[in-house]
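Per Swiss-Prot, the features are as follows:
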COMPBIAS  412-436  compositional bias 'Polar residues'
COMPBIAS  438-450  compositional bias 'Low complexity'
DISULFID  CYS46-CYS119  disulfide bond
DISULFID  CYS161-CYS229  disulfide bond
DISULFID  CYS272-CYS336  disulfide bond
DOMAIN    24-132  domain 'Ig-like V-type 1'
DOMAIN    139-245  domain 'Ig-like V-type 2'
CARBOHYD  ASN43  N-linked glycosylation site
CARBOHYD  ASN108  N-linked glycosylation site
CARBOHYD  ASN146  N-linked glycosylation site
CARBOHYD  ASN154  N-linked glycosylation site
CARBOHYD  ASN164  N-linked glycosylation site
CARBOHYD  ASN259  N-linked glycosylation site
CARBOHYD  ASN331  N-linked glycosylation site
CARBOHYD  ASN349  N-linked glycosylation site
CARBOHYD  ASN416  N-linked glycosylation site
CARBOHYD  ASN425  N-linked glycosylation site
CARBOHYD  ASN437  N-linked glycosylation site
CARBOHYD  ASN515  N-linked glycosylation site
TOPO_DOM  22-537  topological domain 'Extracellular'
TOPO_DOM  559-603  topological domain 'Cytoplasmic'
TRANSMEM  538-558  transmembrane segment
Amino acid sequence: MGRKWTYCVVYAIIQIQFFRGAWEELFNAGDNNVYALPGSDVNLTCQTMEKDLMVQMQWSKVTDEIDMIVVYHPQYGFHYMQGVACESRVAAVETLKDATKWTLNLRNISSSLSGKYECSFTMYPTGTKTIVYNLIVEPYTQDEHNRTIEIETNRTLEIPCFQNTSSEISPRFTFSWLVEKDGVEDVLFTYDYHVSNSTAFKGRVGLGADYGLRLSPVQIQDDGRTFSCFLRISPLKVWKTSTTVKVFAKPEILMTVENTTMDVLGERVFTCLLKNVFPKASITWLIDGRLFQGNEEGIYITNEEKNSSSGFWELKSVLTRMHNRTSQSNNMTVWCMALSPGPGNKMWNTSSQPITFSLDSGTAPTKRLPNVTGSTLGAQTFPDAEVSPTRYLATSSMTIVDENVLTPDPTPQTSNSSMTTKDVNYSQPSSGTDAKNSSRAASSSDGGSRPFPSTSPPKWLSLPHTSTGPQEPDSAVSWIPTDAYTSGSSDASLTSHDVIIRTTKEFPDVLTTANGTTKIKHGHVTGITVNKPRDGMSWPVAVATLLFFCILLFGLGVRKWCQYQKEIMERPPPFKPPPPPIKYMCIQEPTGRGMPCHEMEVL
């Protein structure tokens, strides 16, 4: 009897404890961090399902002990603990269809409210459910680092996202790469995903080690761009690393020289061209090993600059040198030098090849001069379409000799020049004599050559409406140099017998007076005559003849093929014998009422 009573008491106590919800089940959802700025409002919300009976809900702040803030009972309502300001802490209950939300509103918070807040539900019969929030109240901070990277074009640039990171970085940090130029910002990467659709970086950007940015190849358009990496440690703490790119390009230099006239001025033009320049560079001229200061008489410099569509600069400097008879030396050496900035505060020094020329090559001939030395034109234009105009990189001087002597050019020409000078005649055509006579006289030279020029005077042809007799000291003497060019062995576009006669576009007539002074009077442009030798055929005629024969053979072939097709169509069809006759067999019926066999064969 006593043992049975003991069991009943124990069972009753257990039932009472179940009824009062004494069996507590603790569900800790883990530490949920909530970040908030000082002075802002924060809502802390937790909810539970409606499958159990709600007994009580409460919010508490967890310190050394649990400090209760507010309690809610479905029957008795809300109850705030003493010392809690209702204006700054308000609780609300929202009943949904299948759940109940329990929210704590914190208004105008400060750093003193930072800490852990516990939300608990007392349910019957499941017990107590608890959720803990970690409220962090601190100002927004951004640790920013700026730097500049200098690099050449067509190189690979690697920009790290962060360096010397500490242990406070969470494994769940997020990052993003942005690029900015001229106030326009674009997102390149976010969370390992390439989100940029810009054509300027198509196929050039990628992620490297430790979330670094890899840019290859570097282009001129990348100059001035700022690449920023945002490493978000928390919603209130961001590390930002900004890298500004400065791009440099090593220039290419090219120098040319041309002789624009052959008169007494002896003008020469030197052109220094600087390509693929970035940023801008400066061009300096050196004459006989010394820097040109710009205050020398007879030397003029003009500078031009142009920005191409690719972003590179193109600089052009032109030095014009007028012949000075009082020069101490007969030769002059000229070259140009470019100074351009490079990465790491260094300067690139790019120089052209020195060009040396003679100052005496621009002397004009007098009325009767056995041997006269002149300068060739800087840019020669030829009538033949396949002979491109050339420009001498060094001064090319020639000696006027007798038409029977072949004098080679003592100064080398450029590799682009395919024409060699054979005869140069200063002619003064007379009335009744045309340019054809002068060309025949130029082409009458023999095949042999002597090592030294002849001292025989050149031929002078009188101009129209002028006399060939002796002239007065004050009378004008018109002289026009005609250059006879023959193709060299290296020129495949002209035959070995083609002769091209070219006269200068505009040349001054020399007026000689009795006292030795010289007056200049400009003449007019003469024509260009191309003479074909009697014993040969020019290449255009040969090409036209060959083309005519090819077209003729093709036409004959087409005509033959058409005739063959016509013959095939007109042929009679092949003979086809008729089919053999069909033989019928007679079957006589036993009744004897049918037709005889011979009658059926007739039918």
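Positions of Cβ are set from backbone N, Cα and C atoms, glycine also.
Between the alpha carbons (Cα) of ASN349 (N-linked glycosylation site) and CYS336 (disulfide bond) lies a span of roughly 11 Å. Across the domain 'Ig-like V-type 1' (24-132), DSSP assigns 3 helix, 70 strand, 36 coil.
Long-range Cβ contacts of ASN154 (N-linked glycosylation site) within its own chain (separation 6+, distance under 8 Å): PRO217, VAL218. Sorting the domain 'Ig-like V-type 2' (139-245) by DSSP state (H, G, I as helix; E, B as strand; all else coil) yields 9 helix, 56 strand, 42 coil. For ASN349 (N-linked glycosylation site), the count of additional Cβ atoms within 10 Å of its Cβ stands at 10 [all protein chains shown]. Per-residue pLDDT, averaged along the domain 'Ig-like V-type 2' (139-245), amounts to 84 for this model. CYS46 (disulfide bond) sits 81 Å from CYS336 (disulfide bond), counting Cα to Cα. The number of other CB atoms found within 10 A of the CB of CYS46 (disulfide bond), across every protein chain shown, is 23.
Spatially close to ASN146 (N-linked glycosylation site) yet at least six residues away along the chain are SER242, THR243, THR244, judged by Cβ distances under 8 angstroms. Residue pair ASN108 (N-linked glycosylation site) / CYS229 (disulfide bond) shows a Cα separation of 33 Å. A straight line from the CA of CYS119 (disulfide bond) to the CA of CYS336 (disulfide bond) spans 83 Å. Here CYS272 (disulfide bond) comes close to ILE253, LEU254, MET255, ILE283, TRP285, LYS316, SER317, VAL318, LEU319, CYS336, ALA338, SER352: these same-chain residues lie at least six apart in sequence, with C-beta atoms under 8 angstroms from its C-beta. Spatially close to CYS229 (disulfide bond) yet at least six residues away along the chain are ILE159, PRO160, CYS161, PHE162, PHE175, SER176, TRP177, TYR211, LEU213, LYS240, THR241, judged by Cβ distances under 8 angstroms. Its Cβ placed at the centre, ASN43 (N-linked glycosylation site) has 12 other Cβ atoms within 10 Å. Looking at ASN43 (N-linked glycosylation site) and ASN331 (N-linked glycosylation site), their Cα atoms lie 92 Å from each other.
Cβ contacts within 10 Å of CYS161 (disulfide bond), excluding its own Cβ and spanning all protein chains shown: 24. Residue density at CYS336 (disulfide bond): 25 other Cβ atoms are found within 10 A of its Cβ, drawing on all protein chains shown.
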